[in-house]
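Only one structure is covered here, and it is reproduced in the block below.
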Amino acid sequence: MSVTPSIDAVRDLRAASCGPVGAPSVTSDLSENIILTSLDDLHNWARLSSLWPLLYGTACCFIEFAALIGSRFDFDRFGLVPRSSPRQADLLIVAGTVTMKMAPALVRLYEQMPEPKYVIAMGACTITGGMFSADSTTAVRGVDKLIPVDLYLPGCPPRPEAIFDAVIKLRKKVGDESVAERIKIAQTHRYFTVPHHMKRVEPIVTGAYLSADTQKAALKPGAGLPMAAELNTPEIDVSPASQSSSTYES
């Protein structure tokens, strides 16, 4: 004997088994296993956590950067891995004076680095030429005349703590970038290429200013002054005959 279910029983069964379809929600269990992010954030996080610098040290500023490699400062915690090849580096740290003769080599290294790449100008000599540019015709007065610079680190020389501060600021810049907008915000000014022939200028400090009329008038009063007694030392005879006689007397 078969029993036919009532209409109310069928409706109750349908309501219990076939609930309304709603929007999926992220539960607490799912949020502990899945990280929701964007492609830009993931890409920037990977790049700022593994900066591979190419060390280009030409003067005393590089000694301060070499101090970071030791255990006292431990720059490995920032993910910095020094590379000896520009094709494996994404950060160029220029530390020291850049001369006209080394300028083509610096530009060649920059051109061989893959995109995206960054440059830190470390020290006063790198940024403005420093004290060497005052009386030198071969010192480049600012590395930004050769290649684009992302971050300037002044000092003579900068302390290792200042280098860490520069790396942290560069990491913030990398973290705020976007792949789609990088072309729009990229530096568009041209820099010197390798075959560029840099023009040499005549030296400025040649000593010719001493022969000017104003300098002659300023030096004339001191020309006739008597020499101090301490400077009037008797002349010493260094002939072989005098040396042999002094040896015989001793």
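Each Cβ is built from the backbone N, Cα and C atoms, and glycine gets one as well.
Model, not experiment: these values are computed from the prediction.
Annotated in Swiss-Prot:
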type	residues	note
BINDING	CYS60, CYS61, CYS125, CYS156	[4Fe-4S] cluster binding site
REGION	230-250	region 'Disordered'
COMPBIAS	240-250	compositional bias 'Polar residues'
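Proximity of CYS125 ([4Fe-4S] cluster binding site) to non-local residues of its own chain (separation of 6 or more, Cβ distance below 8 Å) is seen for ALA59, CYS61, GLY96, THR97, VAL98, MET131, PHE132, SER133, ALA139, CYS156, given in sequence order. Minimal Cβ crowding within 10 Å, among the binding-site residues CYS60, CYS61, CYS156, is found at CYS156.
In the three-state DSSP classification, CYS61 ([4Fe-4S] cluster binding site) falls within a helix. In the three-state DSSP classification, CYS156 ([4Fe-4S] cluster binding site) falls within coil. Excluding CYS60, CYS61, CYS125, CYS156 themselves, the residues of that chain whose CB lies within 8 A of the CB mean position for the [4Fe-4S] cluster site are, in sequence, ALA59, ALA95, GLY96, THR97, GLY123, ALA124, THR126, GLY130, GLY155, PRO157.
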